[in-house]
Amino acid sequence: MKKMIVTLIQGLFEYLLFLPLILMFGILVVPEVLWIWIPVLYGLFIVGVLFRTIFPQQKWWVYAICSFVFAIIPSILFGHHILSLTLLILLHPVVIYRGMMYVGRNWESLLPTSFMWYGGFGIYFVCYLLFRYVEKFQTHLTIISICGAVVVVIILFISNGEQLKASTLSKEKKPFISRAIKNQNRVYLILTSITILLLTNGKIVQEAVFQAIKGLFQLIFWLFGSDQGKSVVEETPPPAQMGIDLEKGEPNAFWKFLEMFFMYIGYAVIVALAVGILLLFIKRVRMLVMKALSKFIDFLKNIIFRSSELEESRQYIDEKESVFDWKEWKDAQQEKAMGLFQQIFKREPRWDSLTTEQKVRYVYKQIVKQHKKEMDFKSSKTPRETIEILKSLLTEKTTLEELRDAYEQVRYGGQSVEASRIKELRLLIKE
């Protein structure tokens with residue numbers, strides 16, 4: 001029973017959230033029985049809640065058919081014309097089916113807090129302008145103003161509860177929150193609401209205080225039996241203003257143009273806001289708008305902070321140049337120049353001055369150097385592997401095998417090679 005009462009209160013708040021649209025619909029469709037139809041519409045919501053509570057395990061199409069069946073009788077009672085009957089038959093089943101949804105799903109998924117703020121404010125903002133400036137709706141402007149203030153206060157309390165739950169960092173749906181914290185937050189919200197009410201209705205509050213003080217003085221003088229109470233009540237009429245009656249001239253053409261200009265700007269702003277609010281209700285369009293806004297904000301940030309980043313980078317470069325060691329750079333360049341000259345004017349060692357081991361290694365290095373571009377040379381390969389590659393390029397395969405044996409003999413075996421063999425190996429080098 002308690003859960004059903006909570007569900008009905010939640011549905012009543014949603015009904016209050018959409019009340020401007022419902023009121024406009026009623027004024028246009030059923031103006032004669034408007035104040036009978038509005039509570040009946042909420043009664044249809046209660047019918048949906050009761051039906052889903054009694055029959056919880058049914059198919060969705062069963063609930064849909066029952067919604068249309070239950071909506072037939074009230075639609076016929078209030079629909080005096082074909083158009084009004086058609087519109088009511090479309091609206092009433094939606095309200096009944098919405099009541100059924102409240103029984104089977106969580107309120108957070110049916111009416112999220114974000115929609116309360118964006119959707120609720122959007123509905124009341126646009127409808128307030130319509131109720132203020134459209135003559136057919138102007139008589140109900142006070143109702144919209146009062147309901148809008150009530151909706152804002154209720155949304156503040158709901159949002160505060162959601163923030164308290166989120167601040168606990170608990171994964172439970174209903175985390176424990178102490179009663180003292182809840183009461184403290186509620187007192188703050190009540191004081192905030194009262195302050196806003198006083199600020200927005202200053203003249204009314206001032207008049208109420210004045211009337212209360214005047215009534216207090218009347219009571220005091222009446223208790224003491226004095227006739228001065230009447231004199232306190234009587235207000236002195238304002239003195240007649242002495243002035244010369246001047247003929248009213250025609251308004252200035254410039255001011256008329258300026259008034260018209262700002263009026264059209266106001267209409268354009270209202271239309272843009274209305275379209276923007278309607279677009280925000282569509283998820284895909286809302287995501288695109290948010291993405292475009294984020295890109296635009298990033299673009300502005302890049303423009304704003306680009307100059308400061310350039311200044312920091314320039315300052316860093318100046319600091320690097322200021323600690324540059326010119327002497328060290330000069331010595332390095334001299335070493336590079338000396339190495340270049342040594343490489344250009346480098347003289348090959350004299351053959352006769354080399355030892356037997358050096359001659360064999362010299363022949364190996366020279367033949368590899370001469371054919372380095374033709375072969376897939378890698379420094380990681382052994383001399384045996386390198387000579388095998390050379391054998392595929394040169395015709396002197398036997399001589400290359402002798403070079404391989406001689407190289408391994410002097411490099412790894414530490415043995416000498418005959419002079420006749422060295423002369424044959426020298427023929428491999430192209431002079």
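Backbone N, Cα and C define each Cβ position, glycine as well.
What TrEMBL annotates here:
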{"type": "TRANSMEM", "residues": "12-30", "note": "transmembrane segment"}
{"type": "TRANSMEM", "residues": "36-55", "note": "transmembrane segment"}
{"type": "TRANSMEM", "residues": "60-79", "note": "transmembrane segment"}
{"type": "TRANSMEM", "residues": "85-103", "note": "transmembrane segment"}
{"type": "TRANSMEM", "residues": "115-134", "note": "transmembrane segment"}
{"type": "TRANSMEM", "residues": "140-158", "note": "transmembrane segment"}
{"type": "TRANSMEM", "residues": "187-205", "note": "transmembrane segment"}
{"type": "TRANSMEM", "residues": "261-282", "note": "transmembrane segment"}
{"type": "DOMAIN", "residues": "377-426", "note": "domain 'Protein-glutamine gamma-glutamyltransferase-like C-terminal'"}
Please give the sequence-distant neighbours of the transmembrane segment (140-158): residues at least 6 beyond its ends with Cβ less than 8 Å from one of its Cβ atoms.
13, 16-17, 19-20, 23, 27, 113, 116-117, 120, 124, 127-128, 131-132, 186, 189, 192-193, 197
The domain 'Protein-glutamine gamma-glutamyltransferase-like C-terminal' (377-426), counted residue by residue under DSSP: helix, strand, coil
34 helix, 0 strand, 16 coil
Local confidence of the domain 'Protein-glutamine gamma-glutamyltransferase-like C-terminal' (377-426) - pLDDT mean
73
